[in-house]
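J.: Take this structure, written in structure tokens, and hold onto it; I'll ask about it next.
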Amino acid sequence: MASSVFLSSFSSSSSLQLSSSFNGDNLAPSRCFIGAPVTSSSLSISGKKNSYSPRKFYISAKKVSGLEEAIRIRKMRELETKSKVRRNPPLRRGRVSPRLLVPDHIPRPPYVESGVLPDISSEFQIPGPEGIAKMRAACELAARVLNYAGTLVRPSVTTNEIDKAVHDMIIEAGAYPSPLGYGGFPKSVCTSVNECMCHGIPDSRQLQSGDIINIDVTVYLDGYHGDTSKTFFCGEVDEGFKRLVKVTEECLEKGIAVCKDGASFKKIGKRISEHAEKYGYNVVERFVGHGVGPIFHSEPLIYHYRNDEPGLMVEGQTFTIEPILTIGTTECVTWPDNWTTLTADGGVAAQFEHTILITRTGSEILTKC
């Protein structure tokens, strides 16, 4: 599940405050997990004004080959097609059913009993051999649950029904659905449809042919969290929507590809941004990846956009990468439930997520089955 940060001051009804320091600058994550409301401190970013010296510009032209011209025309047509993507009817909140029960014998994460939204831990999560084995088990279960949830996506099915099926599968495996009770979140999974960027609360709304839906699954098994998400198609989906989803998944893959011991975290955002921009899509800055393990959310925070944050990856470290791309604006609005976050212009969004383990020569995707 994504953590949320702001690059400006933000406040809401809750009194919880989160802050972390990067290279002397104060960065206040306003929310963690699925956008739980907190009061954040103002962000102060020091910087220097850019100064430019007068330059002379020259215009030159080169002869373009037939192949280059054909590629250029194809890209233009793809962008034109994307700009004409249709819009589904705006999301309306349905009825949210009561919270599902978890058997007493299943261990809960600490935050469930406290009812308090926990701070983002400043400690990197580097499990030992035993911990890594437990992480693999939790992540493999999360992947199986996500795949099963995807088979339920079809017209007329409600997101509440998907939540119930996910909940039952998790507890049958002896695990706890990590979202349930996290900062007051009322459900066991996040279901984000169409223009919902992330953190949608399952409800009575029926899926419609043409919808896209991100299902975000996190399980807590034997003391470790496994976190993953994927965007699925419902019925006959617009080609523009399909293209956005495909590119978003590719962005995740390209972000993972740069990961290894000693690599800079900022390479992830650079690679994701480059690929998204190639197709004219925008990367949401507000929601970020995070360390995961015994603790649901910890540093490092993984920025999916270009950034200059310091930090190097360490062998044995576990964290998520979970980019969100939009066709239109990356500005967002949040429903009164303080969780569901939608694009401000109603344009669709897509997201994919994996939990990975850093190795000496690369990384291992743990959320696979």
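Glycine too: its Cβ is placed from the backbone N, Cα and C atoms.
Remember, predicted model here, so these are calculated numbers, not experimental data.
Annotations per TrEMBL:
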- HIS199, HIS297: substrate binding site (BINDING)
- ASP216, ASP227, GLU353: divalent metal cation 1 binding site (BINDING)
- ASP227, HIS290, GLU322, GLU353: divalent metal cation 2 binding site (BINDING)
- 134-359: domain 'Peptidase M24' (DOMAIN)
J.: List, in sequence order, those binding-site residues among ASP216, ASP227, HIS290, GLU322 whose Cα sits within 10 Å of the Cα of HIS199 (substrate binding site).
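T.: Taking ASP216, ASP227, HIS290, GLU322 one by one, the ones whose Cα falls within 10 Å of HIS199 (substrate binding site) are ASP216.
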J.: Around the divalent metal cation 2 site formed by ASP227, HIS290, GLU322, GLU353, list the extra residues of the same chain whose Cβ is within 8 Å of the site's Cβ centroid.
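T.: After dropping the recorded site residues, what remains is MET1, ALA2, ASP216, THR228, SER229, GLY289, VAL292, ILE302, PHE319, THR320, ILE321, HIS354, THR355.
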J.: CA-CA, which of the binding-site residues HIS290, HIS297, GLU322 lies nearest ASP216 (divalent metal cation 1 binding site)?
T.: GLU322
J.: Using C-alpha atoms only, work out the spacing between GLU353 (divalent metal cation 1 binding site) and GLU322 (divalent metal cation 2 binding site) and round it to an integer in Å.
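T.: Rounded to the nearest whole number, the Cα-Cα distance is 4 Å.
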J.: In sequence order, what residues of the same chain, 6+ apart, have a Cβ less than 8 Å from the Cβ of GLU322 (divalent metal cation 2 binding site)?
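T.: Those within reach of GLU322 (divalent metal cation 2 binding site), by Cβ under 8 Å and sequence separation of 6 or more, are MET1, ALA2, SER229, LEU252, PHE287, GLY289, ILE302, HIS304, GLN351, PHE352, GLU353, HIS354.
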J.: In whole Å, how far does the CA atom of ASP227 (divalent metal cation 1 binding site) lie from that of HIS290 (divalent metal cation 2 binding site)?
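T.: That comes out at 10 Å between the alpha carbons.
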J.: Within the same chain, and leaving aside ASP216, ASP227, GLU353, name every residue whose CB is within 8 angstroms of the centroid of the CB atoms belonging to the recorded divalent metal cation 1 site, in sequence order.
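T.: Along the chain, the qualifying residues are MET1, ALA2, ALA142, CYS190, VAL217, THR218, THR228, SER229, THR320, GLU322, THR355, THR367.
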J.: Including all protein chains shown, what's the count of other C-beta atoms within 10 A of the C-beta of ASP216 (divalent metal cation 1 binding site)?
T.: 26
J.: Rounded to an integer, what is the Cα-Cα distance in Å between HIS297 (substrate binding site) and HIS290 (divalent metal cation 2 binding site)?
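T.: Their Cα atoms are separated by 6 Å.
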J.: For the domain 'Peptidase M24' (134-359), what's the model's average pLDDT?
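T.: When the pLDDT values over the domain 'Peptidase M24' (134-359) are averaged, the result is 97.
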